[in-house]
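Visitor: So Swiss-Prot has the following annotated:
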type    : residues : note
MOD_RES : LYS131   : N6-succinyllysine
MOD_RES : LYS139   : N6-acetyllysine
MOD_RES : LYS154   : N6-acetyllysine
MOD_RES : LYS162   : N6-acetyllysine
MOD_RES : LYS221   : N6-acetyllysine
MOD_RES : LYS233   : N6-acetyllysine
MOD_RES : LYS244   : N6-acetyllysine
TRANSIT : 1-42     : transit peptide
Amino acid sequence: MLSRVVLSAAATAASSLKNAAFLGPGVLQATRTFHTGQPHLAPVPPLPEYGGKVRYGLIPEEFFQFLYPKTGVTGPYVLGTGLILYALSKEIYVISAETFTALSLIGVMVYGIKKYGPAVADFADKLNEQKLAQLEEAKQTSIQQIQNAIDMEKSQQALVQKRHYLFDVQRNNIAMALEVTYRERLYRVYKEVKNRLDYHIYVQNMMRQKEQEHMVNWVEKHVVQSISTQQEKETIAKCIADLKLLAKKAQAQPVM
């Protein structure tokens, strides 16, 4: 895994140096501007969670798989041993005191990795799981908030779609209020006209009654004035005679 990182970093550095022009000591001119390209709409493949397999902590497994069809199972080891012996025989690499120091350091590092590596890996995995759990919780919270916002928006859209019912209700209420006002005013006019007609009828009845009383009084007055004293005496005498006759008839009838 470490070799892949080193090789990729070296390839990136080489390509950047190849495409750059020297302006001065320690100064490079960039030939392209970063973060200005058009975004790709294709789906980005997910990054691997774990790295590829390596042998001896440095050599990728793909190197052995590449040489197996051509050299067999022992081919990569023979090739590596031959390269080491070639470098030593041609004095490309000379063994010195630093070589033993490097071997000692490498041995200590390998021992530390073998002994404490799993515990450190478990601790790192726990930290990673905690971070993933926090991110997942934040993601679920965000999804829930967005879902709530979507539900609220849908409810608001439903209310907006049904607002014409509110307009119809308000229109009907206004029509009913106008109808009630119209009927109240019509009843007020009816009462006013009825009161005026009743007043005129009362006035007419009063005038007719007064006219009748005046006529009766006038006739009675003239009748009384037309009766003489002799006629009055005769009438009184006739009334007394009639009363006496009625009294005799009443006495002649047996009492039941």
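Just so you know, glycine gets a Cβ as well, placed from its N, Cα and C.
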Visitor: If one measures from the C-alpha of the residue listed as 'N6-succinyllysine' to the C-alpha of LYS221 (N6-acetyllysine), what distance in angstrom results, rounded to a whole number?
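Guide: Cα to Cα, the residue listed as 'N6-succinyllysine' and LYS221 (N6-acetyllysine) are separated by 128 Å.
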Visitor: Measure from the CA atom of LYS154 (N6-acetyllysine) to the CA atom of LYS162 (N6-acetyllysine) and give the result in Å, rounded to a whole number.
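Guide: Cα-Cα distance, LYS162 (N6-acetyllysine) to LYS154 (N6-acetyllysine): 12 Å.
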Visitor: Around the C-beta of LYS221 (N6-acetyllysine), how many further C-beta atoms are within 10 angstroms, looking at every protein chain?
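Guide: Step by step: centre on the Cβ of LYS221 (N6-acetyllysine), count other Cβ atoms within 10 Å, giving 10.
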Visitor: For LYS139 (N6-acetyllysine), just count the other CB atoms lying within 10 A of its CB, please.
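Guide: By my count, 11.
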